[in-house]
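Colleague: Quick paste of what TrEMBL says about this protein:
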{"type": "DOMAIN", "residues": "340-429", "note": "domain 'P-type ATPase A'"}
{"type": "TRANSMEM", "residues": "183-200", "note": "transmembrane segment"}
{"type": "TRANSMEM", "residues": "206-226", "note": "transmembrane segment"}
{"type": "TRANSMEM", "residues": "247-269", "note": "transmembrane segment"}
{"type": "TRANSMEM", "residues": "289-307", "note": "transmembrane segment"}
{"type": "TRANSMEM", "residues": "451-469", "note": "transmembrane segment"}
{"type": "TRANSMEM", "residues": "475-494", "note": "transmembrane segment"}
{"type": "TRANSMEM", "residues": "804-821", "note": "transmembrane segment"}
Amino acid sequence: MSDTGEFDFSLDNRVEQAIVDAKVAARKALPRSRQDIDEESAHQRLAHRRGQSNTAFALILENLENAESAERAEHVLESFPDVTASVVYKPGRAWITAPDTIDPNQFIEALREIGVESYLTRSTLRRRATRLDVSQHRRPAVPAAAQQNEEERIRRREAALRRSGGGAEVLFTARELVTKQRFWGSLFLSIPVLVTSLNVNWQFPGWQWMCLVLTTIVVWWGGWPFHRAMAASLRRRMSALDGASSIAILLAWLWSLAQLIFGPAGQIGYTTAPTWFAFNYRESASAEVFFDVACGLTVLLLTGRMFTRYNKVRTGQILRNLRIPAERNVTVVRKSAKSAEPKRVEVTVAELNIGDDIVVPPHSVIPVDGSVIGGASTMDAQLLGIGVEPQKVKVNSKVWAGAINLDSELKVRVERTGFKTRASSIARWLRQAVREETVMHQTAVHSASELVPWTLSLAGVAFCGWWLATGTMSGALAVALAILSGIAPVALAMSTSTVQRIGILAGASNGILIRGNETFRKLATANVVIFNRVGTLTEGDTHVLGVAAERNENPDLVLRVAGALMMESNHPASAAIVRACRASRDAGSGGGEVPHWIETVHVAIAEDGAFVGQVEIPVKDSDDKLEMRFVEGRVWRPRDLTALSEKMAVAALSGGTPMVVSWRGKVRGVITIGEDIKPDAVESIDQLEDMGVDTMMITRDPYPVARRFADRLNISRVFAGIIASRKAIAVRSVHSDGETVVMVGDKDIRDSLRAADVGVLMDNTEGNQNLDVDYADVVALRNNVLSIPEAIEIARAVVRMMDSNIYFAWFYNVAVILLGMTGMIHPLLASLLMIFSSLWIDWRSRRVSSRRKHLFRVKLGRW
C-alpha cells in the first residue's frame with residue numbers, strides 16, 4: 001500500500017477530518033440559549049453536523065400548471081449557490097443536490113413565492129433523519145414552560161401593536177368611561193341648572209350657589225372622560241378630538257366660579273336673563289354666568305358619545321361568530337379500548353384529530369369542516385358565504401365550521417380544524433381588512449385633531465376682538481365658547497373610516513370579502529369587467545357534447561385517443577373526455593377495430609397547452625392490413641379555425657369548446673365539450689351594462705366559438721384564442737388604454753388577477769378554496785355572478801358616502817366657526833349642532849348597510 005500511496009493519502013484525510021471535527025466541536029461548545037436550541041429545526045441541526053458535504057433530496061411539487069412553470073421552479077432552485085436541480089412537470093417532482101448547510105425550508109419558501117407548494121418525500125425524510133446521529137444532550141423542554149414562553153411572546157407582540165397603534169386611540173374619549181350611569185346622573189343634575197339659568201322667573205334667592213354645586217359635580221364627574229382624554233393628549237403633545245369641548249366646559253365653569261366669588265353674581269338676590277347673541281351683551285353684563293353652558297355641553301357630549309359608535313362592537317360580533325373556541329367541548333364517537341364498541345366521549349375542539357367522528361346537536365354551531373356521515377338536517381352557512389338560504393344536508397354533504405345545525409342531530413367526520421377551517425380563513429381576511437382600515441382611520445384622526453389647535457387660536461382671536469370692540473368680557477367669552485363648543489373634529493375623523501368599516505362588513509354579510517380603501521376606490525371607478533369563461537360564467541361538471549370525425553375515421557377511436565393522452569390530467573375538460581371515453585369503452589362502442597386499451601408513452605403538455613405523446617393504435621400497413629403501432633398523437637384547443645377542414649370547422653362551431661384530435665400529423669376529429677351557464681349570469685351582465693360597466697370575456701376558444709357563447713350572455717367584447725400564460729398580457733393591454741379593469745376568475749389565472757386593478761377570486765370549490773391569498777383584492781364566496789355587480793354597487797355607495805361625509809364635515813366646521821365669530825350663535829346651540837353633525841354622519845354611514853337589498857339575515861347559534 002505504501003507503493004501506491006493510498007495509505008498515506010487516507011491518513012492525511014483522517015488528519016484533516018479530525019481538524020474539521022475539532023473546529024465543529026468548538027463551535028458547538030459555544031454557549032447557546034435554550035430559546036436558540038428550541039427554535040432549531042431538524043434541518044438546521046443537520047446543517048451543524050460534521051461533514052459539510054453535499055446531499056441529495058427530492059421534493060413533491062403541487063400547483064405546477066404547465067411545463068413552463070416547472071422550468072421556472074427549476075430556475076428558482078438553481079439560483080441558490082452550489083445547487084443543481086431537476087424538475088419534472090409530471091409527476092411533479094424536483095431532485096436537488098445541495099450543500100448540507102442549506103435548509104430545505106429555504107427551497108420550500110422560495111417555491112412558495114412563485115405559487116408552488118412543496119414538501120419533502122418520505123424517503124428523503126427518512127434519509128435525513130438517519131443522519132442526525134448526534135443527539136442534543138439537554139433536558140427536554142417542559143411543556144408548561146414552553147406554553148409560558150409562547151404566551152409571553154404573544155403578550156409582547158400585542159404590547160408592540162398597542163404601542164404602534166395607540167397614538168390615535170388616545171385622541172378619542174375612552175368609550176368604557178362613557179357609561180349610562182354617568183349620562184343619567186349628569187342629566188339628572190343638569191336639569192335644575194338649565195331650568196333656573198334659562199328662566200329668570202324660576203331664579204330664587206341663592207339659586208346661583210345651587211347651580212355651582214350641581215355644575216361642579218357634572219363638570220368633574222360627568223365630564224371626566226373628556227378632561228382625561230385632553231390631559232392624556234397634552235402629555236403626548238397631541239390634541240384630543242374632544243379637547244376643544246373640554247376646554248369650553250372648564251372655561252365656562254371657571255368663569256362662573258370667579259363671578260360668584262369675586263363678582264356681583266355671588267350676591268343673594270342676583271338674577272340674569274339669557275342672552276342669545278353676543279352683540280346683545282351690554283358692558284354692564286360682565287357678571288354673566290355660564291353654568292348652563294358647562295352642564296348642557298357635558299350632557300350633550302355624553303349623549304353623542306353614547307349613540308355615536310365606531311362600529312367595533314359589530315365587527316367584534318362577526319369575528320366572534322366566526323371563531324371556534326378551542327376550549328369548547330364536543331362529543332366524539334370513539335371505539336372503546338376494551339370492547340371495541342362505539343363510545344361517546346367529551347373532548348375539547350383543540351383535541352380533535354382529522355378523521356374523528358363528532359356529534360353535532362341541533363341548534364348548535366358546527367365546530368369543524370367535514371362531511372356528514374350520519375343523520376340529516378338543515379344547515380345555515382350564510383355567514384360563510386355558502387348559499388343565501390339554509391340548505392338541506394345529508395350523508396356525504398359538506399359542512400363547515402361556523403355554520404349552524406338547525407334541525408336534527410348530525411354525525412360529522414372531521415376534515416379540517418382550527419386555523420385551516422373556512423371560518424378561520426374568512427376571519428383572518430376580515431381582520432386584515434379592518435387592520436388596513438384602522439391605519440386609514442388613524443391618519444384621519446390625526447388630521448382631524450389638527451383642527452383643535454387652530455380652533456383654539458381662532459377662539460382666542462375672537463375673544464380679544466369682541467372684548468376690544470364691545471368692552472364686555474361676557475360677550476367675548478360667549479363668542480369663544482360658541483366656537484369651541486361648535487366644532488366637530490370627531491365627525492371629521494369618522495367621516496370616512498366609519499363608512500369603510502361598515503362597507504367591509506356589508507360586503508362580508510353579502511358573501512363578498514373586500515380588502516380596504518384602495519380596493520373600494522378602484523371598484524367604484526371600474527369601467528371594464530373581464531370574465532374568465534371557465535369557472536366564472538359556467539357551473540357544473542364539464543361534459544362531452546359531441547364527437548365529429550373526419551371521413552373514414554372512427555369517432556370512438558378519436559375519443560379513445562384523446563382520453564388516453566389526457567388520462568393523467570386533472571383539468572375539468574380532461575376529466576370530461578376521460579369519463580366519456582370510459583363510458584364508450586364500457587358500452588363496447590366502435591366495433592372490433594377500436595382497441596379496448598390504448599397504450600401511451602412519453603405523454604407531456606406542450607407550451608401551448610396541447611397534450612402530446614405516443615399512442616398505440618391500429619394503423620393500416622402497405623398491404624392495407626391493420627397492425628398495432630405507436631404513432632404521435634396530439635389533443636389541442638384551436639386558437640382559430642384555419643387549420644381545420646370545412647367539416648371540422650362546422651363541428652367546432654356547433655356549440656361548446658372544441659378539442660381537436662390528431663395523429664400522424666393529420667386532424668382526425670373534433671370533440672366539443674361544454675358546461676352549463678350559471679342561472680344568474682345573464683342578469684348579472686345586464687346589471688353591469690346598466691351600471692355603465694363594459695363587459696368582456698377572455699377565453700382560449702376560437703373567436704367564432706367565443707363570440708357565440710358571449711352573445712348568449714350579452715357580453716360586449718371578447719378576447720379569444722388567449723392561452724392561460726398570455727391572459728395577464730391581455731389584461732394589461734386593456735389597462736394600458738386607460739381603463740380601470742376588474743378581472744374575475746379562479747386560482748388558475750392568478751397572474752391575470754394580479755395584473756388587473758382589482759382581482760376578484762371566484763370561490764368555485766364548494767368551500768374548499770384557500771382564502772389566504774395575495775393575488776386577489778376581492779373574494780366572492782357565493783360563487784355566483786351576481787356578486788360582481790353587488791361588489792361594485794357596495795363600493796360605489798361606500799365611496800359616494802365617504803366623499804359626501806367629508807364635504808359635509810368640512811362645510812359644517814367652517815360654517816360654525818364663522819357663525820361663532822360673528823356672535824350669531826349661542827354656546828348651547830353650538831353644542832347641539834356639534835352633536836347633531838356627529839350623529840348625522842354616523843346615521844348616514846350606517847345607511848350603506850341598510851340600503852343593501854341582499855343582506856343576509858345571519859342567525860346566531862349557541863355553543
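Every residue gets a Cβ built from N, Cα and C, even glycine.
It should be emphasised that the depicted structure is a prediction, and the values quoted were computed from it without experimental measurement.
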Colleague: For the domain 'P-type ATPase A' (340-429), DSSP counts of helix, strand and coil?
Modeller: 17 helix, 37 strand, 36 coil
Colleague: Do any residues of this chain, six or more beyond the ends of the transmembrane segment (183-200), have a C-beta under 8 angstroms from a C-beta of it, and if so which?
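Modeller: Residues packing against the transmembrane segment (183-200) from afar: 207, 210-211, 214-215, 217-218, 221-223, 271-274, 289, 291-292, 295-296, 298-299, 302-303, 306.
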Colleague: For the transmembrane segment (247-269), what are the same-chain contacts with Cβ under 8 Å, counting residues 6+ beyond its ends?
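Modeller: For the transmembrane segment (247-269), the sequence-distant neighbours (Cβ-Cβ under 8 Å, at least 6 residues beyond its ends) are 205-206, 208-209, 211-212, 215-216, 219, 223, 226-227, 230, 286-291, 293-294, 297-298, 456, 477, 480-481, 484-485, 827.
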Colleague: Mind checking which residues of the chain, 6+ beyond the ends of the transmembrane segment (475-494), have their Cβ under 8 Å from one of its Cβ atoms?
Modeller: 171-172, 241-242, 244-245, 247-248, 251-252, 255, 275, 278-281, 285, 288, 290, 293, 297, 304, 308, 310, 441, 444-445, 447-449, 451-452, 455-456, 458-460, 462-467, 806, 809-810, 812-813, 816-817, 819-821, 823, 825-831, 833-834, 837-838, 840-842, 845
